[in-house]
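Taking it in order: structure first as structure tokens, then the write-up.
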Amino acid sequence: MKLTIITVGKLKEKYWREAVKEYEKRLQKYASVTLIEVADEKEPNNASARDLEIIKEKEANRILSKIKDNQYVVTLEIDGKMYTSEDLSEEYQKWKNTGKSNIVFVIGGSNGIGEDVKKRSNHEISFSKMTYPHQMMKVILLEQLFRVNKILNNEAYHK
Ligand SMILES: C[S@@+](CC[C@H](N)C(=O)[O-])C[C@H]1O[C@@H](n2cnc3c(N)ncnc32)[C@H](O)[C@@H]1O
């Protein structure tokens, strides 16, 4: 499987970068992993709802410029479909079986995912109804993709 994760903004804190590096390394055993960071848009003080929409649109255009026509797009959205890790591993296997072997996961910036990316999305996944910081979401997603592969390979890890 070719897995790409697109996120908005750089990981500034060392602890996030180290966690990402660790799970990226673990996941590389099972899939080819590409991590792409697009620039985030500066948010003015007292930004209006319209300002935030414009920010999301600009970030969405940057995200879309990194997505290829042949990629299956999975967006991480709070209102998306929730899975257990076992169910997600079945879904992942389904993607594999149906030729969706080039998958791009998209995590939005601090204001969420713009409409144009949502329109391009083939599948929306939620990791609960709670809001997580995008940096943490990247680590959680990598860990779950690693877990999914462990489950599919019947390897000890998941409990
Ligand atoms: C800080 S959140 C953005 C919150 C924004 N108010 C929204 O409603 O999307 C940044 C990104 O992390 C991801 N994210 C955060 N919590 C999530 C969850 N529970 N499930 C799936 N994705 C989540 C989404 O991609 C989101 O765009």
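Backbone N, Cα and C atoms are what each Cβ position is placed from, and that goes for glycine too.
Bear in mind that TrEMBL entries carry predicted annotations, made automatically and left uncurated.
Residue environment of Met130 (S-adenosyl-L-methionine binding site) contains 7 other Cβ atoms, counted within 10 Å of its Cβ in all protein chains. Annotation comment: TrEMBL describes Leu76, Gly108, Phe127, Ser128, Lys129, Met130, Thr131, Tyr132 as S-adenosyl-L-methionine binding site.
For the binding-site residues Phe127, Tyr132, the greatest number of Cβ atoms within 10 Å around a candidate Cβ is found at Phe127. Residues Ile78, Ser126, Met137 surround the recorded S-adenosyl-L-methionine site, their Cβ atoms falling within 8 Å of the Cβ centroid of Leu76, Gly108, Phe127, Ser128, Lys129, Met130, Thr131, Tyr132, which are themselves excluded. Following the DSSP three-state reduction, the secondary structure of Tyr132 (S-adenosyl-L-methionine binding site) is coil. Binding of S-adenosyl-L-methionine is attributed in the record to Leu76, Gly108, Phe127, Ser128, Lys129, Met130, Thr131, Tyr132, and the widest Cα separation among these residues amounts to 15 Å.
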